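Okay, structure first, notes after.
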Amino acid sequence: MTEGTGWAVLVLPLALTAFALLALAADAVVEVRVAHARRSVAAAAADPWREVARLLVGQRRTTVAADGVLWRSGVVTVPLAALLAALVLPLGGFAAADPGVGIVWFNAMEILGWAALWTAGWGPNSPLSLIGGYRFVAQGMCYELPHMFALITAATGAGTLRVGGIVDAQAELWFVVWMPVGFVVYLISAAAMAFWGPFDAPLGRDLSGGVVAELSGVDRLVLLTGRWLLVVVAAGMAVPLFLGGGRGPLLPAWLWTLVKTALVLTFLLWSRRRFPTVRMERFTEVSWLVLLPLTILQALIVALVVLV
Amino acid sequence: MALNPADADLVVVAGPLTHRFTEPVERIWRQVPRPRAFVRVREHEVGDRLDTASVVLSRGGEHEDGGGEVPNGLVMADRGTDRDGLALDRLHVPLGPLLPNWPAGLVVHTTLQGDVIQHAQVDPPDEVGVGEDFWRWPWWPAGTGEEITSGGVARIRLVELLDALGRLFAVAGWLDVAVRAGVLRDFLLEGAESAWVRRRLLRLITRVRRSRTWWWLTAELGEHRHSVVGDVSTRCSAWLNEMERIVVDLDSTESVPLDGLGSGDRSVPVSPQRVLPELLEGTEFASARLIVASLEPWRSPDEVGSPGGVDD
């Protein structure tokens, strides 16, 4: 795998943002159809741009007795965590970095997102925002253990924590084929780590927006962009972990990576519309009593196959 | 529509601004970031007013100086033992009267520890119920000697149920279905063709019924032995059953005798204040919102289980 800093600084943020904008536009078009709005598809596809412009000119607001430092640093850390996690994301044969502990790095940056959302929720001194922060911590407790076992299973199958190595290990057989449980759990946790889809309680409508309830203008733009970046990165990581990386017939590797990422992203967009928000009060039971044992079993089977 | 003042550009007050809402609306306006605009509309002028507002906004908005910081109704936290006997911070947070997908005018004063509601108290409702006039509209012609048809009655009841369901789904974060319910409600109000409505409505009902996630998430929520029937999921199910039953009446031109409108006497909005505190205490915030949304705000709790309600 080729590494490059120029890649990291220039191409990666742009590529991720472009991908997120495309997904946003697609989602806006679907929304118009659902809402039976009398608008053209082109107008709907331009919605994300209009929203960006609106937030850029909007006034930044503050609240009474807010903890400004915590609040703003939490907001900025959301996109930062997404970009840092994306450093180990390979596009075809290239990656910004391919360290020997790539998987651990990805996992650590995603946990940085917990801290980010928690402080962003705590900062404005507003009850609804604070509850949003609480919710994400509870969510982390639920999804993280099965998620880690899913990551470990892929690493065990390849015998390395290096993302490039995991892609190489799938030359003959994609991991999704013999680690289906790991893959499914990864998809669930991908939504959960980006507080996305059915796991969007931290930004819930019942909380009038939760963590983003008090955010306006550019602050709001930064956090919401960070969330879209997190979704794209989480979807993108499924490709090297379980879907054979850039492998595929005819098309070049980078294109295959994009196609596969788009498919995973489409699934995440679909599941957000398909399911109501899952409350952790109910999901904990499923997560700890069903998903966790299943992922451990999956890891055990993979370990035995690798040993024998 | 914005979920919070922070995300809003435009504050629209539709209809009369009663005493109860003056202060909350002012508070919301002060929290809206600039550029912003404030509009008051009465019936039949919605389109014009909104066009004016969008012009104002495009010119940089109305720079009205609200002056100073917003007291956001947040009392300093104190301490108290929680359900596990731990001393935790207590926040006193009023919910309502203006909250998205919340019965307009309802105010519940809550004491929160974390996201658990330890104590809830409901404000007495205004003497004139909010929304009361609107929901009485199939009976408007009653005084004028015009005929009331059972099709018209079915239509308004469907609108009412779709409104309630839309609120419930929105609070549950099931936006796709909430939007679909809202679209159907609006088309019904505009007088859409009943065959089209029926087809869409039945599709919606089927989708909700088939969602195992939905029933799993709402089961055993908001149960009360005496005052209300079932839990959130059975109340939702009752609404679906009722819609399915009355949607066939949409075309009916059969006239409804005036004395048959006893059950339609909604002039006295019976507040949910008697049951709500008991139902809400000890629940988590998300569950509490679902419980509130599963009760029809302007029907009495005793009515919830009556023929309009549960259908076995």
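Cβ atoms here come from the backbone N, Cα and C positions, even for glycine.
TrEMBL labels come from automatic prediction, so no person has curated them.
Marked as transmembrane segment by TrEMBL: A:6-30, A:69-91, A:111-137, A:149-167, A:173-196, A:228-247, A:253-271, A:283-307.
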The answer for the transmembrane segment (A:6-30), taking Cβ pairs under 8 Å and residues 6+ beyond its ends, is 41, 44-49, 82-83, 86-87, 89, 91, 94-97, 225, 228-229, 231-233, 258, 261-262, 265, 269, 273
Message = Let me check one thing: do the transmembrane segment (A:173-196) and the transmembrane segment (A:283-307) come into contact, meaning three or more Cβ pairs under 8 Å with sequence separation of at least 6?
response = yes
Review point. Do the transmembrane segment (A:111-137) and the transmembrane segment (A:69-91) come together with 3 or more C-beta pairs under 8 Å, pairs six or more apart in sequence?
Key: yes
Spatial neighbours of the transmembrane segment (A:228-247) not adjacent in sequence (6+ beyond its ends, CB under 8 Å) are 16-17, 19-20, 23-24, 78-79, 81-83, 85-86, 89-93, 106, 110, 113, 151, 154, 163, 166-167, 170-171, 174-176, 179, 182-183, 186-187, 190-191, 193-196, 253-254, 256-257, 260-261, 264-265, 268
